[in-house]
Each structure stands twice: as structure tokens, then as C-alpha cells.
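A.B. asks: According to Swiss-Prot:
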DOMAIN    5-238  domain 'PABS'
BINDING   Gln33, Glu108, Asp140, Gly141, Pro165  S-methyl-5'-thioadenosine binding site
BINDING   His64, Asp88, Asp158, Cys159, Thr160, Asp161  spermidine binding site
ACT_SITE  Asp158  active site, proton acceptor
Amino acid sequence: MSQKEIWYETLHANFGQYFSVDRVLYHEKTDHQDLIIFENDALGRVMALDGVVQTTERDEFIYHEMLTHVPLLSHGNAKRVLIIGGGDGGMLREVSRHHGVEQITMVEIDAGVVEFCRQYLPNHSAGSYDDPRFNLVIDDGVNFVRQCSEKFDVIISDCTDPIGPGESLFTSDFYQGCARSLNEGGIFVAQNGVCFLQQDEAIGSHKKLSHYFNDVSFYQAAIPTYYGGIMTFAWASNNPALRQMDIVTLRQHFAQSGITCRYYTPDVHIGSFALPQYLLSALQNAQ
């Protein structure tokens, strides 16, 4: 039996994780980054950009459900949704399950990610690219929100880590543009790394977002693929009541949506905003 090739993630300098490669499906440099999609016996198909794992078939549902359904069900009546990034299609799939949403705009800087994820990760998008409500824009997210005259009810930043093409999606310019692009009562959420190992991301996002939103916080989910396990998501709005919604109302919104999830529940939603003391202390000390 031949030894399998090993792929090593390069996100952290002093520790990390590896994946055995059963078959490489695609590996090329796009116009913006190095893209590889390969098969792994335990996790299914894996996609990485510039040496950092972005998604796996095995547990992508956790990430996409939590970054979609928490803001949309908190809002309760979102008609227009903007996705920044999201080229693998998973976020689009989950947003499109909300039948009350009338327009979905996705802004992805790298057309290659969209093209090859549609080909090699079809279960992520699950046909949602053909949804008539969907509009794809190939552009830099900062540039889009800076120039956009449209308004949205929910903005989801499905960004990579703050290196390479994703770095601009952690800047004050981007957050200011998102705040300006939200309707009254709108909600902004964003991927914010594994806080235990990438605490500076949360601290930086909190400081910057607080300049443009009245209510800024974080929520979390356990996602095995991301080294360190507990992924943190930024939350920003101008109405604290949206974040503090009671369980009865959330259950009503969830039941009315008709959506069935594998990870998200209204109870998980409520619990996800209970943050560990080390994060609360770090945010307080940084003020």
C-alpha cells in the first residue's frame, strides 16, 4: 500500500494541522491566490486558499448555517441580502433557503474560486447559483460597498483570514461601507477566526466596528476543520434587541421559515452569544 501524500496547512508558524490527500481534484494559481481542492477520506472534499483550509464537505454546514441563520432569523424579515466572499457557494445555498428573501447579491473578488468550486464542490452550492434571486458580482468587497447605492437588510462577510485578498475585509473602510449599505434595522456579520489563537482579529474588529455600529458583539460555533475548534463571528447592528431576541420569538421565526438544519437551532442561537471570559476580558482591556 503506497503512502498517501500529506498536505500541511500554513496558517500558524509554530503549530498546525495536516490532511492526507487521497486525490487532488484541482490545484492552480488563480488571478489572486493559490487554490487547491482535494479529497480526504475523513472530511470529503477540502478546499484551501494560499495554504489555509477554507472549507470541507464534512463540517461546512456548521459554518454556513451559523453565519446565515443567526442574522436572518434575528432580523425576521430580510428581503435583500449581501454576501461578501462566499465563492464556494455554501453561504448562498443557506441564504437561498429563506423564501422571504427577494434578492441575493454575492460579491467575490476571485472568479476562479466560483468557477472551480461549482465544478468540484457542487454540494456546497447545491444548485443555488441558478436561483433567479441571485446576482453575482466579481469585484473587491471594499470597492463594492464604497460605491454601492443599494441598501441591504443583512450583510454577511464570508471572508478569508486577514492576509492576501481577505485583508481588506477587516479594515475600517470596509466596515464603514457596510454600515452605510445597511437598511435601518440591518445586521452585519463576519467570520472572525478562532479567537483563542487569533484574538487580535476579534479585538481589531470590535474596535473598528464600534465606530460605525451601536451594538457590536460576537457569537461562536464549534467547527472541527478550523484549527483550535471554536470559530468566532462578529455581529454588528444599531439595535441591541436584535441580538437579545427571546427564545420564543426565535422559535417562531425558525418554524415559519420551514428550514431544517443539521447544527443550528434557536437554542444554539441563544447560547452562541455566551462568550468565554478570556474573550470578554480581552475586549474590555482593549478599550
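Backbone N, Cα and C define each Cβ position, glycine as well.
Describe each of these features in terms of where it is and what it packs against.
C.D. replies: According to DSSP, Gln33 (S-methyl-5'-thioadenosine binding site) is assigned to coil rather than to any helix or strand.
When other Cβ atoms within 10 Å of the Cβ of Thr160 (spermidine binding site) are tallied across all protein chains shown, the result is 21.
Less than 8 angstroms from the CB of Asp158 (spermidine binding site) sit Leu67, Ile83, Ile84, Gly85, Gly86, Met91, Gln191, each of them six or more residues away in the same chain.
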A.B. asks: Could you tell me the C-alpha distance between Cys159 (spermidine binding site) and Gln33 (S-methyl-5'-thioadenosine binding site) in angstrom, no decimals?
C.D. replies: 14
A.B. asks: Looking only at His64, Asp88, Asp158, Cys159, Thr160, Asp161, which the record lists for spermidine, tell me the maximum pairwise CA distance in angstrom.
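C.D. replies: Overall maximum Cα spacing for these binding residues reaches 16 Å.
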A.B. asks: Using Cα coordinates, what distance in whole Å links Gln33 (S-methyl-5'-thioadenosine binding site) and Thr160 (spermidine binding site)?
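C.D. replies: Answer for this pair: 11 Å between alpha carbons.
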A.B. asks: Which residue among the binding-site residues Asp88, Glu108, Asp140 has the fewest other Cβ atoms within 10 Å of its Cβ, if you could check?
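C.D. replies: Result for the binding-site residues Asp88, Glu108, Asp140: minimum number of other Cβ atoms within 10 Å at Asp140.
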